[in-house]
Structures are given as structure tokens and as C-alpha cells.
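What follows is a short report on a single structure.
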Ligand SMILES: NC(=O)C1=CN([C@@H]2O[C@H](COP(=O)(O)OP(=O)(O)OC[C@H]3O[C@@H](n4cnc5c(N)ncnc54)[C@H](OP(=O)(O)O)[C@@H]3O)[C@@H](O)[C@H]2O)C=CC1
Ligand SMILES: Nc1nc(=O)c2c([nH]1)NC[C@@H]1CN(c3ccc(C(=O)N[C@@H](CCC(=O)O)C(=O)O)cc3)C=[N+]21
């Protein structure tokens with residue numbers, strides 16, 4: 001049976017690091033890191049994530065500023081809010097929950113956030129920095145996945161890493177990070193031919209598709225490390241249940257290590273967001 005990678009436990013260690021940074025900033029600079037979270041619309045799942053983020057921020061001693069906007073909020077109103085947050089010296093990190101409603105130009109909103117306050121790491125300046133291997137604010141989910149991988153492997157060098165999914169928020173930055181770790185990186189997606197065979201070559205398999213249970217036990221190389229990013233809400237007997245992109249029960253018979261859903265990548269994402277917020281606050285000291 002595979003080792004189960006406990007995201008909750010690892011996340012609590014990252015949160016301790018973040019809390020220690022907060023203490024240091026308070027003690028030496030009388031600065032309290034501030035995180036602004038912007039949610040447009042009333043998507044139920046997004047509300048849960050945002051609530052979790054704010055709860056953990058408070059625990060770590062980070063001030064949080066919540067902005068809940070109606071689904072029909074105009075681009076101009078959102079633009080104005082971002083400007084206000086950019087100009088606010090008490091706000092060190094800005095997170096705009098994605099996806100945004102159809103009528104909003106997502107790329108323009110992301111680009112309007114000051115790169116030094118972009119704790120999601122989605123601004124083109126931070127994406128470019130990551131791609132060139134320069135220090136930057138690294139997207140939270142891939143950063144969390146990397147911490148999980150380092151927990152299992154001392155050295156990732158030379159390993160075959162296959163990432164299923166090529167989104168800007170998970171797949172692509174994950175590939176950049178693993179390349180930096182000297183992995184041999186393959187990105188698979190919905191047009192990949194014989195995807196099962198591609199995955200069977202993976203020493204490290206990252207699933208980030210949003211397709212529940214896509215990855216079955218016979219896709220997995222024996223003893224591989226499997227990280228399941230997928231968060232899929234399904235209904236079982238009228239109850240809401242979260243499952244990942246990996247068939248956990250089958251995969252854990254074959255893999256060497258595997259992350260569960262829930263209790264895997266999700267809590268790591270939130271912990272890394274708070275760590276990024278303390279880093280951003282440090283970089284903004286004048
Ligand atoms: N745990 C966490 O903290 C987070 C979890 N998530 C979860 O991770 C998952 C992915 O999120 P995100 O990257 O934003 O999703 P996107 O929908 O933006 O991207 C999904 C990617 O997966 C590929 N894909 C979808 N279905 C298949 C398939 N059947 N076979 C092969 N490739 C497929 C798509 O291919 P193509 O490009 O060809 O369409 C696309 O590249 C979701 O479940 C999301 O909820 C996301 C962010 C954070
Ligand atoms: N700008 C932006 N940044 C994001 O980082 C971002 C985003 N938009 N949009 C949506 C996705 C999704 N995401 C999750 C974060 C935490 C959990 C999480 O904590 N999950 C818990 C379960 C929570 C529950 O019960 O629903 C777990 O997996 O154990 C899940 C998903 C961040 N995202």
C-alpha cells in the first residue's frame with residue numbers, strides 16, 4: 001500500500017513558518033501582513049475556499065480584507081477596487097478568486113494587480129520570472145505540490161514527471177517548477193495521444209484536470225508518486241462529496257506515495273498563499 005501524503009499535516013508546518021514570519025515582521029517593523037481577497041459572484045465552492053483562506057489567515061496573524069461583489073459587477077468597478085488595493089499600504093497581497101464572470105476581462109484584471117502584491121503569482125511579470133528561474137511569487141498550488149514531493153523525495157533530479165493538465169494556474173507553473181528541479185517534464189492534456197501510456201512512464205504523476213477519477217490504477221507506474229490536484233464535487237446519496245482526478249483506492253495499490261482528496265493539495269494551496277503573503281509583506285518593507 002502506498003504512503004499517503006498528509007496535506008493537512010504538511011500544511012500546518014507551512015502555516016507555522018508563515019506565523020513565525022508574521023511575528024518577525026510585527027516585532028522588528030511593526031508591520032502586520034495584510035491579504036485582500038476579492039470574490040465576484042456567489043459560487044458556493046468559491047465561497048468555501050475563500051472562507052477557509054480567511055480563517056487560516058487569521059490563525060497565522062495575517063489581517064484579511066474581504067471584498068464580496070455581485071456577479072453583475074462591472075469591469076470598471078473591479079478595476080477601481082484593484083487600484084484602491086494597489087494603493088493601500090496595509091494590503092500586501094491581493095487575491096482575485098478565479099474564474100471571473102464571462103463579462104470581465106480576466107487577463108486585464110490580473111495584469112492590473114501590482115506584481116509585488118500578486119500572491120497568486122499569476123501576473124505576467126511573475127510568470128516570466130518563474131519561467132526564467134528568477135525568484136518570484138510562485139503560484140500556490142504548484143508550490144504546495146512541490147513541498148509534498150520534497151517530503152517524499154530528497155532529490156527530484158532526473159525523474160520523469162508527467163503533469164496532466166496545462167492551465168495557467170496549475171499545469172504550466174507546475175511544469176516550470178519541476179523543470180527547475182531537474183525533472184524530465186511532460187505535459188499531457190485532452191489532445192494527448194495514448195495518455196495512459198504517457199502516464200505509465202511517470203516517476204512523478206501530477207493530475208490537474210477536473211475530470212473525476214480519470215486516472216486509474218493501470219495508468220500508474222509501480223512505486224510512482226502521485227499528486228492529485230483535482231477537486232471535484234459529486235453527489236453520493238444526496239450528500240456532497242469531494243473526489244480527485246485519481247481513482248484513489250485503485251491507485252494506492254500501485255503507487256509508492258499518493259496524496260488524498262480532501263486533505264491533500266487543497267490545504268497546501270492555502271498555506272502557500274499565506275506564506276506568499278508574508279514574503280510579499282517582507283519585500284514591501286520600506
Ligand atoms: N487543490 C487546489 O488547491 C486546486 C485545485 N484545483 C482543481 O484542479 C483541477 C484542475 O484545475 P484547473 O487547472 O484550473 O482546470 P482547467 O479546466 O483550467 O484545466 C484542465 C486541464 O486538464 C486537461 N484535461 C481535462 N480533462 C482531461 C482529460 N479527460 N484528459 C486529459 N486532459 C484533460 C485540459 O486539457 P485541454 O487544455 O486540452 O482542455 C486542461 O489542460 C480542477 O479539479 C480544480 O478544481 C485547481 C486549483 C487549485
Ligand atoms: N485566484 C485564485 N487562486 C486560487 O488558488 C484558486 C482560485 N483562484 N480559484 C479556485 C481554485 C481552487 N482552490 C482551492 C483551494 C483550497 C481548497 C481546499 O482547501 N480544499 C479542501 C476541502 C475544502 C472543502 O471541503 O470544500 C481539501 O482539499 O482538503 C480547494 C481548492 C484555489 N483556487
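Every residue, even glycine, has its Cβ placed from backbone N, Cα and C.
In TrEMBL this protein carries:
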type    : residues           : note
DOMAIN  : 5-120              : domain 'Tetrahydrofolate dehydrogenase/cyclohydrolase catalytic'
DOMAIN  : 139-284            : domain 'Tetrahydrofolate dehydrogenase/cyclohydrolase NAD(P)-binding'
BINDING : 165, 166, 167, 231 : NADP(+) binding site
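Taking a C-beta cut-off of under 8 angstroms and a sequence separation of 6 or more, residue 165 (NADP(+) binding site) has the following same-chain neighbours: 171, 187, 188, 189, 206, 207, 208, 209, 210, 229. Every protein chain considered, the tally of other Cβ atoms within 10 Å of the Cβ of residue 166 (NADP(+) binding site) stands at 18. Cβ neighbours of residue 231 (NADP(+) binding site) (same chain, under 8 Å, six or more residues apart in sequence): 45, 210, 242, 244, 261, 262, 266. The Cβ neighbour count for residue 167 (NADP(+) binding site), using a 10 Å radius over every protein chain in view, is 16.
Mean pLDDT for the domain 'Tetrahydrofolate dehydrogenase/cyclohydrolase catalytic' (5-120) in this predicted model: 96. Among the record's NADP(+) binders, 165, 166, 167, 231, no two C-alpha atoms are more than 16 Å apart, and one pair sits at exactly that spread. Contact annotation for binding-site residues (165, 166, 167) versus ligand 2: none, no CB falling under 6 Å from a ligand atom.
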